[in-house]
Amino acid sequence: MVPIDRGWAWVIVLVNFIIVSLIIGSASSFGLFFAEFMTEFQAPASSITIALSIQTIAFSISRIAHGFSYGPGLVELGRYFHKKRGIATSLAEMGVSCGGLVFPPVIRLLLDSYDLRGALIVIGGILLNLCVAGALMRPIAFYEHQQKDSEHDDGIWLTNSEMYSSGNIKDKAVYRNTMKNWASSQPDTHKNEYKENINAEDKVNGSSSCLGNMKQSLSSNRKGVVRNMCKKVIDIKVLRNALFRMWIPVCFLGVIGSVQILIFIPPHAKDLNISDGDIILLVIIVGVTNLISKLLMTLFVYCNCMSKHHMIAISMIITGVACLFINFYTDFLTMTILSAIFGVFGNVYFGLFPALLVDFVGLEMISGAMAINMLMQGLGLSISNPILGFLRDITGSFNASFYLMGITCIISGSILCFEPVCRKIEMPKSVGVSVESVVTHL
């Protein structure tokens, strides 16, 4: 029986916690490497952001490296939980906070001890723990195959008469020659069995025809493997869903602020002449407040105090407004305000979007929806990265970059206000599908 909402499902939560803490924790701390790259290679900000764009493209189309871990992990989490999906997702996403707390001081220590290249090597070794997490990722199909195997165990051990009873012989010569060769090598007492077995020749063809059918089936299945895999990974049928069509610009724009703000806080603080130690504290403040936010978010989801899309919309708008006041953050004390606001509200999007996608499209289409979601997030980051870098090179500060990130967050949150309209559009379709299924069963 599949352990839905129990048993191994909570191991999947732990696995996703590890994956998220490693991937998002290291990615969110990349801002600490940003200034180091600019200093090491004497490169402008736009060059560093272009490199970020290339990394993001690889991430979004891999579904290569981090992409193989992050997306599939969230999909499996959604399949293992039904009633407790919101809580499970929130608990798993706490890895973002823990990673944000652990990675900044570790990266700073590595940079001070081993310089940029040595620090990157050590971080790469730490990220290899993703292999350990992947080893624990047991797919739902494991239990389905296990159940089928137990049901058919009794059918494996068949007598000769049962094995040969499913068809008629077409190639009699093969059977006669086989039995004749066997009989000639046996004592006289067994030669009589040859005559008896010849009478059963009409029953042997069942097994040979079965093998022939198996070969044909394998040959035909092999041709359609790639086609079926593509359909499973990216199912364009999900685009017929009005709620998901609304979600596409939300994830495209919202990810710009949810990811980029934390990356640009350290280099912006560097431009304000804030010390390296205080910059580490700014990143840690984000992690601490984000952990508190995750706990409160889990409580909100459990008590059903507010819908998920409302929580994401409000958080995105507050984050965007905070970015628009970037001119007022001029020293360490004021920058802590931005870090705290982003920590509380900036990552609500990542904490809730997997569960929200399931609410929008259902479990049957979650894999295709997640693939398109990651693709759109990758496009948003890939396009915005060089733009944000060029704005810094042109204006001499990151203020214009924060303005752009704030505007995208506000627009993204505002689009979610149209959720009731899109749900009304989608409602007749879901009713029609349910009626059709009832009629089919009748």
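Keep in mind that glycine also has a Cβ here, set from the backbone N, Cα and C atoms.
Whatever TrEMBL says is automated annotation, not expert-curated.
Keep in mind the model is a prediction, meaning the values are calculated, not measured.
As recorded in TrEMBL, the features of this protein are as follows:
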{"type": "TRANSMEM", "residues": "7-35", "note": "transmembrane segment"}
{"type": "TRANSMEM", "residues": "41-65", "note": "transmembrane segment"}
{"type": "TRANSMEM", "residues": "86-107", "note": "transmembrane segment"}
{"type": "TRANSMEM", "residues": "119-137", "note": "transmembrane segment"}
{"type": "TRANSMEM", "residues": "246-267", "note": "transmembrane segment"}
{"type": "TRANSMEM", "residues": "279-303", "note": "transmembrane segment"}
{"type": "TRANSMEM", "residues": "310-329", "note": "transmembrane segment"}
{"type": "TRANSMEM", "residues": "335-358", "note": "transmembrane segment"}
{"type": "TRANSMEM", "residues": "370-388", "note": "transmembrane segment"}
{"type": "TRANSMEM", "residues": "400-418", "note": "transmembrane segment"}
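The listed stretches are 246-267, 310-329, 335-358, 400-418; of these, 335-358 has the most Cβ pairs under 8 Å to the transmembrane segment (279-303). When each of the listed stretches 246-267, 310-329, 370-388, 400-418 is scored by C-beta pairs under 8 angstroms to the transmembrane segment (335-358), 310-329 comes out highest. When Cβ-Cβ distances under 8 Å to the transmembrane segment (310-329) are tallied for each of 246-267, 370-388, 400-418, the top count falls to 400-418. Remote same-chain residues near the transmembrane segment (246-267) are listed as 27-28, 30-32, 34-35, 38, 45, 52, 100, 279, 282-283, 286, 312, 316, 319-320, 323, 335, 338-339, 342, 346-347, 349-350, 353, 356-357, 360, 372-373, 376-377, 379-381, 384-385, 388, 398, 401-402, 404-406, 408-409, 411-413, 415-416, 418-419, 422 (criterion: CB distance under 8 Å, separation of at least six residues from the stretch ends). Tertiary proximity for the transmembrane segment (370-388) is limited to same-chain residues at least six positions away from its ends with a CB under 8 Å from its CB atoms, namely 45-46, 49-50, 52-54, 56-57, 59-61, 63, 67, 70-71, 74-75, 233-234, 238-239, 244, 247-248, 251-256, 259-260, 264, 353-354, 357, 398, 401, 404-405, 408.
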